[in-house]
Amino acid sequence: MELSSVDLSRMLTSMTLGFHIIFATIGVGVPVMISIAEWIGIRNNDEYYLLMARRWARGFTITVAVGVVTGTCIGLQLSLLWPSFMKVAGQVISLPLFMETFAFFFEAIFLGIYLYTWDRFKKPIYHWLLSIPVIIGSSASAFFITTVNAFMNTPQGFKLDGGALVEIEPLTAMFNPATPSKTFHVLTTSYLTAALILGSIAAFTVLKGRNGVYERKALKLTMAAGLVFALGTAVAGDVSAKFLSKHQPEKLAALEWHFETKPGADLLLFGTIDENNEVTKAIKIPGMLSFLAGSSLDHEVVGLDEFPEEVRPPLWIHYLFDMMVGIGFFSIIVSAGFIILDKMKNRNPYNKGLLWLILAGGPLSILAIELGWILAEVGRQPWILRGYIKVAEGVTSADNVGLTFLMFLGLYILLGVLTIIVLVKMFRNKPAEAELEDRFRGSSK
Amino acid sequence: MSLEVLGITVLWFFLYGYLIVASIDFGAGFFAYYGRVTKKEHLINHVISRYLSPVWEVTNVFFVFFFVGLVGFFPDTAYYYGTALLIPGSISLILLAIRGSFYAFSNYGSKDNDLYLFLYGATGLLIPASLSTALTISEGGFLKEEGGRVVFLAGKLFTSPYSWSVVVLAIVSVLFISAVFLTYYAWRARDLDALGVLRKFALFWSGPTILASLLVFASLKSHNPHHFENALDLWWMFGLSFICFAAAALFIIQGRNYGTAFIMVMFQFFFAFFGYGASHLPYILDPYISVSTSYTNDTMGRALVTAFIAGLVLLVPSLILLMRLFLFDADYVKGKK
Ligand code: HDD
Ligand code: HEM
Ligand code: HEM
């Protein structure tokens, strides 16, 4: 099969974003967790939490580095692969892209300071204060870049006058209808993912037989944070569905295999679909789609029949949607389960079964992030700028995209493998208890 | 000043900032590897890593800032450079990615892995070489528009004496800027052994820097006579640049005022870089893109400038804090903190 320049460019963009988004999500979420741990440690004068903050921060240095370099890749690649699109969209939406770099700048400066000043201040709270600009910087950069993605879904803030862009309003473009739901969902899921990944590492250590105070405290903290963020994620997901039904109905209809516009629409879980769009084996929840989309069981939901064949998104995104939502509920149940067992007397939250589920939470949340982005981006097909430019019109005319794809594939494999090796090496020979001994107790005398 | 000239000036400042901080970083990588190979590691490498560790991410942002800003202010650049530079641009990106991540791997992960350090050092010279070709291409003659497509004439680039002279200048300047800065840093740390080694590096690379810039001028004359003429009109900028160089070299030879010497080197490159940039105008990419034809709309231009000013209000104090903690804090530099 001969792959066209468009196919290859899409593959390369997807690969770079799919790789970057893992590290970006960690980059947005983990500073929040580090800051919470350090705060509790200072407040309660508890060296376990202080150590937790330090250990998380140490691992974070590695993932940040990969986040930064892959982000630089995607930033330049957008111009290299989609020059015609960037030339047009850049006129309207370069403001948040530009502000994103300021946010990075801010984050980079304070992260540098934070990581190298653990013992430099007389009052530990000054060091904690440095984590605030790091959080502001990384969350703001997620916010700004997500407004760009929102713009691609619901473009506004300009008019087309025979090919030329006129009446450009950068702020209107930035605060388009997709912005609130998207940024809300992206931020909550980043925090959730960070909590679940860190919880998953703690669960792994306990399962391997190291069941000390440190691991228990880490589990409690990550699961409590995880529960809060998982509930936030579900709310934000619901907000996103309501947004879709109003502004991007074809995407919601494709996600839910909803063909006819009608009130009282059913929610479909799982199932299969054939070439005549006959759905079988799905679990139907009557009226639920109407409820999700409009908070009422007989709200009218727009179906795919209102859109011509060639601008309908592919239908397989339904499966991704089910899995993402499933993982969302999984994380609510697991984190709530742990907290409840922990609060009840005579119950053991550290039983093997639950620990295995917590362990699964980390990888599953990363999977959900990937699924979420794929369904959101593929659900925009065939548009790159919905209603204005199709993907095929934005692509580069250069040859050699295939070669470029292979080069970057090699790069990401190398970086992925080395990240894991370096992280494992960093902590394997240094259990928390031992580090606690020589960092706090040994030196205090 | 019109908004588009203001825009390109701001961006040029950031590229200049990147030129200085990245040169320090790139050169340091090379010296660190050289130090390990020649067994002088114990003398110089801790000076290098003490400065680099807290600031490397900041260095990278200067670069991101430049290209995001360029596409923002002058969207046409995305189109021409984007189409033409897919392969060379991707190679530079991969080198940058390897460098950044391997720095983290070797510095925070496995301290004494020779391969990580080698890649870190080698990319330090290859990246300036490959990034500098973007400037070469901007002189024109290496791109061609053909049936609505932009074609990159790679063969021409590789055989052009001008292109090679720029590469040589880029590498040599990186080593020179870096050596002078590290000499100053070693002096602040009162680390006399490191100072001795690094000062020799600085002296060694000073002559080639001037020779390479003369070479670039000579080859520019035949490659783009029109740009060369413009540069001659700005002869005083290049003259000032040379005077600053001479002052810096003098201080280093005398073995005193290393701080002033580094500032002189910054001025040397400031005048040369802005002289080059000013004489390049109005073209961003000769002859396809000029600042006035490719400028984004006025609304966006004003929004970007506003965002830029607001951003500076935030960044300048933060950068000063960073420098005070890691550059001008004598105890930190000496390794006592
Ligand atoms: C840990 C990751 C994660 C989890 C558990 C969930 N999501 Fe999600 N979802 C994302 C991660 C994500 C994402 C990666 O952040 C996306 C991709 C694009 C976006 O805006 O957010 C997304 C997109 C996204 C969209 C499309 C938005 C759009 O295209 O504008 C909808 C409707 C939902 N989600 C709904 C939900 C619901 C109802 C969930 C149930 C709890 C849920 N998500 C859990
Ligand atoms: C400047 C903003 C962005 C631009 C120009 C952009 C452009 C594109 C393009 C051209 C594609 C390939 C065509 C397609 O399949 O839709 C794509 C796909 C994709 N983008 Fe976006 N995007 C942007 C923002 C984002 C953001 C912020 C994310 C999240 C990290 C993202 C995630 C994805 C993903 C996961 C895909 C793969 C979808 C697939 O498999 O086709 N995009 N993007
Ligand atoms: C088209 C999409 C995207 C582009 C063009 C992009 C661009 C970049 C760039 C250029 C960097 C490196 C900045 C530096 O030098 O410090 C970076 C890093 C980063 N990006 Fe992305 N990004 C995209 C998607 C995202 C998304 C969707 C998020 C958040 C959900 C995100 C969050 C981050 C974070 C937090 C970092 C800093 C590195 C870290 O802390 O791990 N990015 N990105």
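The backbone N, Cα and C atoms fix where each Cβ goes, and this holds for glycine too.
Automated prediction, rather than curation, is the source of TrEMBL annotations.
Note that the structure is predicted; figures quoted are calculated from it, not measured.
For B:12-34, B:55-74, B:80-105, B:117-137, B:162-185, B:197-219, B:234-253, B:260-283, B:303-327, the entry in TrEMBL reads transmembrane segment.
Through the fold, the transmembrane segment (B:260-283) approaches residues 5, 8, 12, 15-16, 19-20, 138, 140, 173, 176-177, 180-181, 183-184, 213, 227, 230-231, 233-234, 237-238, 240-242, 244-245, 247-248, 251-252, 289-292 of its own chain, all at least 6 residues removed from its boundaries and within a Cβ separation under 8 Å. Counting residues 6+ beyond its ends, the transmembrane segment (B:197-219) has Cβ neighbours under 8 Å at 31, 35, 40, 43-44, 47, 161-162, 165-166, 168-169, 172-173, 175-176, 179-180, 182-183, 186, 228, 231, 242, 245, 248-249, 252-253, 255, 272 in the same chain.
Sequence-distant contacts of the transmembrane segment (B:117-137) (same chain, six or more residues past either end, CB-CB distance under 8 Å): 22-23, 25-30, 32-34, 36, 81, 84-85, 88, 91-92, 95-96, 98-99, 102-103, 106, 143, 152, 157, 160, 162-163, 166-167, 169-171, 173-174, 285. Comparison of B:12-34, B:55-74, B:80-105 by number of C-beta pairs under 8 angstroms to the transmembrane segment (B:303-327) places B:55-74 first. The recorded stretches the transmembrane segment (B:12-34) and the transmembrane segment (B:234-253) do not share 3+ CB pairs below 8 A when only pairs 6 or more apart in sequence are counted, and are therefore not in contact.
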